[in-house]
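What Swiss-Prot records for this protein:
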| type | residues | note |
| --- | --- | --- |
| ACT_SITE | C150 | active site, nucleophile |
| BINDING | R11, I12, D33, R78, S120, N314 | NAD(+) binding site |
| BINDING | S149, C150, T151, T180, T209, G210, R232 | D-glyceraldehyde 3-phosphate binding site |
| MOD_RES | C150 | S-nitrosocysteine |
| SITE | H177 | site 'Activates thiol group during catalysis' |
Amino acid sequence: MVKVGVNGFGRIGRLVTRAAVLSGKVQVVAINDPFIDLNYMVYMFKYDSTHGHFKGTVKAENGKLVINGHAITIFQERDPSNIKWADAGAEYVVESTGVFTTMEKAGAHLKGGAKRVIISAPSADAPMFVMGVNHEKYDKSLKIVSNASCTTNCLAPLAKVIHDNFGIVEGLMTTVHAITATQKTVDGPSGKLWRDGRGAAQNIIPASTGAAKAVGKVIPELNGKLTGMAFRVPTPNVSVVDLTCRLEKPAKYDDIKRVVKAAADGPLKGILGYTEDQVVSCDFNGDSHSSTFDAGAGIALNDHFVKLVSWYDNEFGYSNRVVDLMVHMASKE
């Protein structure tokens, strides 16, 4: 079983750790976070406002974080090149600070003895992999990879199924996206666009996202054919993608439902879901799929122009894919 280090014990760091423990597919052996001490880690891992109590045991013992009886080494280094991952037995490192997202910055982990680094965010220059879409293109010469974004993980499997069956001429994506940690609780200054700094609980905030363009990196045939934007809305978790696209081959909406369901039951099982129920966002809190197609929410204008809707738990679904990507990479060693 691959031994994993986690850098940054924020939303994704903690949920990747939960996903690792729950799945039993990888073993977390080390965590680095300079801003959270050991006892605080115990508390933050145990209690979660969005995903509830951790259903297991967690405690601090002999300077280590012990989850379900497994001791995890704790580091508190600000500089990733100083983290002694090898000493803790960590072979793969999940880079989940959101700060070290380039090849050069994430590469600092290799100095501490990590063999591979998985960036849990989009990267400007690291190769991006989306499970179920292009993970087969991974080869073991790559030391640093990106698991792309939660939104790309939702959109890409759906876009792949539609493109493989009907051909996407062009498309626009909108993600109606839950609040994330970078937003403000009340109006404040923003480092990027001014409106990004407006109160998250009070507003629907138009925002940029590279998620749709990134699909062109994981599905090269769609490069330049998709772009998109986001609305940040006052919900704590679970987001939804609206893909509006023009199809090359004519298709009835029932044809689209059929091929998506076939993919969800077959090659993309566990990654792409399918539902005909009258669901709302809360119904996907804690869902481990990358994307769940909402058959009842989509609409067709005609046989060539459709709006498709797919839900995702932007925290937990994504964290499960980080684990799956590491398992896949380990199978190629």
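Backbone N, Cα and C atoms are what each Cβ position is placed from, and that goes for glycine too.
Structural mapping of features recorded in Swiss-Prot.
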residue: R11; record: NAD(+) binding site; Cβ within 10 Å: 22
residue: I12; record: NAD(+) binding site; Cβ within 10 Å: 28
residue: R78; record: NAD(+) binding site; Cβ within 10 Å: 10
residue: S120; record: NAD(+) binding site; Cβ within 10 Å: 29
residue: S149; record: D-glyceraldehyde 3-phosphate binding site; Cβ within 10 Å: 23
residue: T180; record: D-glyceraldehyde 3-phosphate binding site; Cβ within 10 Å: 18
residue: T209; record: D-glyceraldehyde 3-phosphate binding site; Cβ within 10 Å: 22
residue: G210; record: D-glyceraldehyde 3-phosphate binding site; Cβ within 10 Å: 16
residue: R232; record: D-glyceraldehyde 3-phosphate binding site; Cβ within 10 Å: 24
residue: N314; record: NAD(+) binding site; Cβ within 10 Å: 24
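In sequence order, R11 are the recorded positions from R11, I12, D33, S120, C150 with a C-alpha within 10 Å of the C-alpha of T180 (D-glyceraldehyde 3-phosphate binding site). Taking only the Cα positions, the spacing between G210 (D-glyceraldehyde 3-phosphate binding site) and I12 (NAD(+) binding site) is 19 angstrom. Cα of T151 (D-glyceraldehyde 3-phosphate binding site) to Cα of H177 (site 'Activates thiol group during catalysis'): a distance of 9 Å.
Comparing R11 (NAD(+) binding site) with the residue listed as 'active site, nucleophile', their Cα atoms are 13 Å apart once rounded. If you take the CA of N314 (NAD(+) binding site) and look 10 A around it, the recorded positions you hit from S149, H177, R232 are S149, H177. Checked against R232 (D-glyceraldehyde 3-phosphate binding site) by C-alpha proximity, the recorded positions I12, D33, S120, C150, H177 yield H177 as the nearest. Comparing I12 (NAD(+) binding site) with C150 (active site, nucleophile), their Cα atoms are 10 Å apart once rounded.
S120 (NAD(+) binding site) and H177 (site 'Activates thiol group during catalysis') are 18 Å apart (CA-CA, integer value). A gap of 27 Å separates the Cα atoms of T209 (D-glyceraldehyde 3-phosphate binding site) and D33 (NAD(+) binding site). The Cβ of D33 (NAD(+) binding site) has N7, G8, F9, G13, M41, F75, Q76 as same-chain neighbours under 8 Å, each 6 or more residues away in sequence. Long-range Cβ proximity for the residue listed as 'active site, nucleophile', meaning a same-chain Cβ under 8 A and a gap of 6 or more residues, is found for S239, Y312, N314, E315, G317, Y318. Secondary structure from DSSP puts N314 (NAD(+) binding site) in coil.
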